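As recorded in TrEMBL:
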type     : residues : note
DOMAIN   : 43-295   : domain 'G-protein coupled receptors family 1 profile'
TRANSMEM : 34-53    : transmembrane segment
TRANSMEM : 60-80    : transmembrane segment
TRANSMEM : 100-122  : transmembrane segment
TRANSMEM : 142-165  : transmembrane segment
TRANSMEM : 200-228  : transmembrane segment
TRANSMEM : 240-261  : transmembrane segment
TRANSMEM : 273-294  : transmembrane segment
Amino acid sequence: MSISNITVFMPSVLTLIGIPGLESVQCWIGIPFCAMYLFALIGNSLLLIIIISERSLHELMYIFLSMLGVTDIVLGTSIVPKMLGIFWFHVPEIYFDSCLLQMGFIHTFECIESGILLAMALDHYVAICYPLRYTAIFTHQLVTQIGAVVMLRAAILVAPCLVLIKFQFQFYHTTIISHSYCEHMAIVKLVAENVWVNKIYGLFVAFAVAGFDLIFVTLSYIQIFITVFRLPQKEAQWKAFTTCIAHICVFLQLYFLAFFSFCTHRFGAHVPLYIHILSSSLYLLVPPFLNPLVCGAKTKQIHIHVVKLCS
């Protein structure tokens, strides 16, 4: 219901236009996006099946890998089906509440993935720096508590964003979202009211999650490398290093893409809009695509079971 020529009152339906400036080639862009999603879905599902079915893999490190796999599946499934609906079937409309639900899933599981990577770094830190106390410190009860805290933190931080958009704002400049999925700032930009609270809170969540996790992961690996290089045997050094390299690769590619997407979105005023959209889409698609390769294929025990299963 329009109350003026420039505002819309509490729209029930929004329109996602996909990738602005690349509408004519979106159908082709959808092909690699679909391929990455299918590979992520199959790879992470295979990883989960192997970890669940093989009792020898019911260890803490593999529990964290399975949690990461579930998170990657949910993240990809939250955005790709609707994205392909826009690219291939020209169905850009989405209900307002469904848009908020998609936004909630995306940002919640982004926070969860970051928290799991932090937990994996702490797991490696204790395993390498305090190997004799590892089983006493990292019990199954502690892992359950870590998982609960990670999920609770994500829910508590993301919920206010949903509540503020749902109940604080009534008037919108337009119902057209210049994005391929529902993202917090993309929705906030539609609002025809004062949005400074949302912008400040969005920055707070970004720095609270990424900043906190990044600092502690970095400190963990600095301490790990100091311990590794003090080991007397080269073989022991190499074994400890290869144990961490897969996680470091996952960590670096996630935060590199996140940092690039954040910078282009916040400060890239002269960067073409399609670069913003592509970078933010790849930020959500590439980690689920690479994690089964990096974590699964580079982990010897999982690699053995994958070969065994395929043969």
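For all residues, glycine too, the Cβ spot is worked out from N, Cα and C.
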If contact means at least 3 Cβ pairs within less than 8 Å, sequence distance 6 or more, would you call the transmembrane segment (200-228) and the transmembrane segment (34-53) in contact? no
Near the transmembrane segment (273-294), which same-chain residues lie under 8 Å Cβ to Cβ, leaving out any that are not at least 6 residues past its ends? 18-22, 33, 36-37, 39-40, 43-44, 46-47, 68-69, 72-73, 75-76, 79-80, 83, 106, 110, 113, 178-181, 183, 246, 249-250, 253-254, 257-258, 260-261, 264-265
Same-chain residues at least 6 beyond the ends of the transmembrane segment (100-122) with CB under 8 Å of its CB atoms are 61, 64, 67-68, 71-72, 74-75, 78-79, 82, 94, 143, 146-147, 149-151, 153-155, 157-159, 161-162, 165-166, 181-184, 187, 205, 209-210, 213, 216-217, 220-221, 247, 250-251, 254, 284, 287
Same-chain residue ranges lying at least 6 outside the transmembrane segment (60-80) that approach it to Cβ under 8 Å: 33-34, 37, 40-41, 44-45, 47-48, 51-52, 102, 105-106, 109-110, 112-113, 116-117, 119-120, 123, 127, 138, 140, 143, 147, 180-181, 250, 281, 284-285, 287-288, 291-292, 295-296, 299, 301-302
